[in-house]
Structure formats: structure tokens, C-alpha cells
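Here's the structure, in C-alpha cells; my notes come after.
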């Protein structure tokens, strides 16, 4: 920064443009200042007190008292707009410095922005030079930008009243320090997103484009439903392909549990009052907008007591140091990074599929390369596109009825890998300090962990519990910057890692989020739920808020340690204070609100059992506190099914058993249901293979209390165990090709029929070879003589060579052995059905043109099949087809489906015949349902509704009555329909030459004579 005599301010402040701010953001080292009074050095730039000038690309730096005060500059007033101005450049050489003056120019306001325009010639390195009035020598602004398209240059002007507003009011300004990023660093826009997309190694599937950059668009409907409703503190910055995912992990009510309740009245009376309290979250557009727009609140300024806040942050750092929180490392080992990834999660907004599929074909070198590139992106401050979606989960019925569903903001892979390098080691050490420091992150609630937590709250004190409302979206940049400062304090000294860490938290606050309507939004506050350190960061911010609240009341660090006990986990917090300090609870809500947090501390009690923390309540069992969920929440595990396999269902029931321990009656009822379930045939095989675990009472007691089981308790299990039981599933089976033959295969065994017929049959008859009705004997011979003879009933061959078979040269051209075994499925041979290859080609083409994955195509195929049931599969259909999303119609173009259907759409849809028939039958089981095809044909018999669609495939199994109805409906549909092979050819000339010769005697132009008749008189 070039500093001139006219540029320096009287109150010991230096004015700087964003290049200076960027320099301060990226360094912990020295700052050198040179001017006419000598040179100055500031060794730690993070200790500088900085004020951001609102609406201007400039900052004020308040210098230490040792910095010499200099002559002040005056501001621009409106009368000087037409005056000419020049600038001064002061060059500092090794031994001398000189002052140079450049050419002059008039200046004009730029318009709506914060810059003014001048036309003085510039070159690189001139940023920061002052513009000086030629008339009076006053500094009126500082040069900042040059235009790439014209000769214009831009400078930041001193506003009217600058001296009064800033210089004379210096003590009342908000002077900030410890800022590791500032507005110029994070003022990215659409251009940054487009230029900073991941490199080809990341194999992205979706590209970011400018929101309003496309002048040509496909005329299919693309509704920007999030953008249209956006308002407040959010900015749209780009667009990319996206869609609202409405597929829920909760498949519906558990059919086994419903059947069990219908068969057992006692169980139904017990469970029904506890059911219905939780339901699957709603995944719709209004729910997304309702939760996502929590980010649009402005950041409130001038409410925080910065002295108390800085003291609070220092107090948290001191507390962690006192508990020997050690230096943390930047983890660059690829095996550690990839080993801790959730491979079942999605890759990111610009990618397709899950991580396990994405990494399946990569070797160790490819993975290490991706990690390096992710770190490089983070180091350069390049932003990844985060994905905003609705969270599919069970929620309280009140939240569901209010259409409140939580949004989830997931980090993309190109940011996630580098982020884990920065935060993983700190997080792991943070987990290990649970209950030592005032947090429970990393604590297990089992093995007496909850008892240890409750006992940490002193006896006789007044307890309180609270959790934050709209916590993630209410977090301010100030709090997240404080978390960054704590992390920087404990991280190893590596300048590359430090730059990555600072840029990561700049991205966390000022995040580009891809909404389901395809719009990319930039937010300016709040944490992201899908970043790799969400819980740790949220917990740290709650701890800072508690220290801040106490510091505002004048408490020292010793007072906090002696008079207050609290534990935080995410946005949850429990506290304990002495009775004489209960007044502190009355001040906490206001102090938290100053930091932007919405908390209520009215829930107070003297009993630990009445505290709620992380959705758990303490219960005293045998002198030990154990954590308990609400009974309704445990029953919801039984009520709702999210399993993909039978084994997953048994695991869910076992989880409910574990959570129910302590609720004696509830646990007993769950065990009864589990016993009934294992008696069903499909679960018997599962139990026989050891995949249906049994959880003993002794195991649950050990799990919760960490008290070893006594031998006398185990003896009770030994008494009922059957040690003679043969492992495995043994059943007596028999072949069904011929009962008598099968029974007689056991030599020496006498059947019941043999015994009854003993006196009526000859005793020494021989059994003929191959006989189906062997003569009974007292003892059946083990071996049969190959030369023996007996009575035999002959069997005719189904196809013999005596038949009139096709021959060539006297030789049968058929393979009779193969023909006897060749029994293909009839429908696979129908030429009215598309071949499997044609069907696969159609499916793949539609999938590509719709740009969907297999999971999304499954939903689309469901919707299209149901649409075709009602609307038919005529090749003349065009326009759009619709699918319902709740009460909303979603339109899809028909063109990709019809054009790619070879041979015809109806032949393609014949593959859906059985599924469509089953769907109609299912709908009819719930309420009367007749497809539109049947309504148009006036089909009155609802029993035939299952055949009332035009792509039904008639097979040998189709009943005669149904075949007749189908034929009649087709005849009715085609009545009066004719088609022309050729239409009118409009390209043929109809002109012809008239070669007829006429004379004056002709009767008229078409007749020469009247053939003897006289002309009219």
C-alpha cells in the first residue's frame, strides 16, 4: 500500500482497500508501513483492530498508540464533482523516496455501485494510490479497479460526512480483530462458480452455468419455484440440473406389526395409545421452502459486546488448554481420510450416485490424486456446490402436520476431502474430551455413561435444560469465525493447512447451495448440516455463548468453573447452578439472542430425572441413571418399516428392545411381538441361520449399567436350554412322483399297506424291472436281477419318428430331444410384444433424455404406466404426460418416450401388462376403480376392470369371458376408423392445354353443332 502525507489520518488510522484486506486475511506474519516519518512493523496482523466501511470496498485499521499521528485528509463534497483531480504516487527507494504526480481527470459517480469513475492512465500496482483535488490538495478517494473493456478506471470515494462519521466517532465504531476472512475474500459470484468447477479427475456429471446466461432453452417446463419465492438475505448465483427427491426411506406401516395387533387384542390395547405420535416427514416443495428460507434472515449488527465476546473466546481456549487439549495435525494420509467416509452417502450436487459406486473403479493413486486436488481447491478458495435436500426421517406428528421438514446441506466430494484434512484430527481429540470439558460429543450413553453425566451435575443445585430453535440457520459469521480462531489456535504450524482451514470456514458461511429447482443460492449466515464438523462446531458455539453470557455478568473464568456446571451437545445444553445464582438463567436468553441464538431457559427443576437432553430423559434403575427415549418414539420403530430385507426388520425390533429397557411392560410386549414374528415361516429360516438375534435381560443390564452378570442369573438360562437340539432345520420330506415306489425304495421296510395286504398277496412274487406297481412281498430284495421279467404297462412317446415330420433328403430336420425340452414362455415369442433388446434400448434412451438415474427412473416408470392405463398407448399421443406429486401435477414431455419406442409404444408397454393388472386390482381392493379405457367403452362389470387397458397382453391364462370383453372393447375403439395410405399430393400441377378448334358457327365454346337442329330463332 502506498501511503502519502495527505492520505494518513489524524486519529492514528490507516484507510485500506480490499487488496490490503486480502493481505491481512491470509497472513499471521508482519505488516510493514512506510511513510515520511519512518517505517513501522506490526508482527501479528490478527491483533489489528479493523472496521469495515459499510457499502465501500475499503477498511479502516486502527493503529496502536505508538504509531505517529499524521495530518488528516478531507472528504469529497458535492460541489467538487466537476473539478479536476490528480493522484500522487510515493515511491520508497532503498535510501530515499520521492513523490510523483500523474495526469489529471474529471471524476463521475459510477451509478448504483460504491465506485466512482476517473480516466487517469493506470498500470498494475497502482491500487491504493490516492486521488487528490488539484484545487486544494485534499484526498478524495483511493484507486481500486480498472476496466477490461474501456478506458474507465474506478476509485473508492470518501463519502460526505466521512470525517464526522468515522474519524470523529472512532471510539464508537466496531473495531474487529481476529477476522480470518472478510467480505472481499468471500464476495464470490456466478463467474467464480462457473470458472472454479472441479477438474476432469473428479468426473462431475452436472455443469454450473450462469443463471440468466442461456438465450435458448428447451420448451419443456422448468419451474424455478424456489427462486420465484426467494426473498431476504439469499442471492441466486447460478444454475445446474437438480430435482426434488420425494422417495422416502420409510416405506410405510409395518405389515407384520399391524397383523400382530389385529390378532392380539391385549397388545392392540397396549400399543395403540402410543402409536401415531411420529410420522414420516413430508417431502414436498412447500416444506423445502419453509426450512431453507430460514437462511434469509439478515445479520443483526451492533448488539454484541465485543469485549465480552473476545474474553469468552479466550476463556474457552484457556479452559481447553487447562484440560491439556493438545496440538492437532492436518491429516494427509489418504487411507485415514477415505476410511472415515460414509460410502453410502451421495457424492455431491454435481455428481451422480453414491460414494461406494464412485470409488469402485479407482486405485490408490487415483484416490490420492483426488485428495490432493481437493486440498488444492480449498487452498485456492475455490467453492464446491453443496446440495440442498429434504431429510427423510420420522418426525413428531405436530411437525409433520405443520409441514416442517428439516433440510440437509451436503458437502460435495471436491470440498469434503480437503475439509476432512483440516478438521478430522481436531474433531477426534474433541470427542475424547467428553465430560472432561463442558460437552458430551463422543460420549456413549451405555455402560454407565449417562449416570456419569447426571452425577456430574452437583446434588442440590437447580438444573435447567434448553435447545436452540432454528439453530443452524441462526448462527452468525461472528460465531463461526470464533470457532475458526479456536481451531487455528490448536492446529499445527503449517501455512498451507492454515490457508485451507480459513477458506473452508469462509465456504461454510458463504455457501453455494443447489436447490431442487436447479438454482444455486449463496447464503450469508448459518452452518451447514452436511459439513464434516457440524456437531463439533455447533457445540463449540454453544460453549462460547455460555462463556459470553457469564462474562457479560462480570464472571471470571474461576467463577464459571466454581459456580456453573453445563454440558453441550450440538444445540442441546443442560446446566446446573447454585440456588443463589438461579438469576443467571433469567439473563441467558437475552445474551444468547445478542449472538443470534434463540434459546429458552425456563425449563428448570431440582430433579435430574426431569431433565431432557438429546431427546433422552434420565431414569433411576437400581441406583444408576439410564437414558430413556419417549415410549412413543420407541413404538414408532415398530410401527413404521424402513427395512429392505427381513434381517433389517429383526434388527430394528432388537433396537426397540434395547431402547425399551427400563420400561418393563413395554419391553415385555415387544418381546411377545418378536416371539410371534419368529414363528412365521419366512422368519424361521432366518432364525435357523443365526440372523435373528436374541437379546437377554442380562445382556441389556450389562449394556446399560456396566455391571457384570452373576452366575446365578446365567443358571436360569442353562435350565431351559435344550442341549440335545440338533442344529439346523430338519424336516421329513418325500418325493411326489409315485408314493408306493418311493416307500419301497427302503429295502426291508414294511409299509402299512403291505401289512394289511400280507395275507391276500402271493409271498414270493418277483418285482419286474421298471414296474410302477410292484407286487408286495414280505421282504423286498435289495437287488433286482437284470434278466428278470414281469408285467409292465407300456408308455407312449409324445413325439415319435412315425409322425409326419419335416425331412430333407429323407432325414428329419428337427431335433426331437431338444423339442421335448423346449418350452419357452409364450409371451416372449409374441410379435405383439417388443423384444427384450428393443425394450432395453427404449428404457436406456428415455433415461438418457430425461437425465435420470435408475432409482429415479423407477418412479418415472410407475407414473407413466399408470398414465397409460387411463390414456392408452396410441402412437398419435403427443405433448406431455403428467404424474402426481401429492396434490401437484408434474409434467414430462412425451417426445422421448414415443420417438424411442420401437416397434410401437403399445408393444413396449406390453412388458408392463402384468404389473398394470396387479395395480388395478390393488386399487379396486381399496375403492372402486375403473380405468378410463373401460369407462369410455362403457364396461359395467368391475370384475373385468383389471383387463380394461389397451396394452393388456392376452395369454393362455386369460379367461374366456375376459377375452371376449377385450375383443369387444377393441372393436368398439376401432369402429369407424379408417386410414389412407396416401394423402392429397399438393405438389402436382393441375394445369392443362386446351387444343380444341372453334369457328364462328360453333354453338358455344364446348359444342360445334346441334346435329341438324336449327338454331334458336
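Backbone N, Cα and C atoms are what each Cβ position is placed from, and that goes for glycine too.
Looking at the stretches 746-787, 788-829, 830-871, 872-913, the one that Swiss-Prot records under the feature region 'Disordered' is 746-787. Note on the active-site residues 57, 127: the fewest other CB atoms within 10 A surround the CB of 127. On a Cα basis, residue 57 (active site, for nuclear inclusion protein A activity) lies 12 Å away from residue 127 (active site, for nuclear inclusion protein A activity). Counting residues of the domain 'RdRp catalytic' (461-585) by DSSP class, helix then strand then coil, yields 65 helix, 28 strand, 32 coil. Mean pLDDT, taken over the domain 'Peptidase C4' (1-195), works out to 59 on the 0 to 100 scale.
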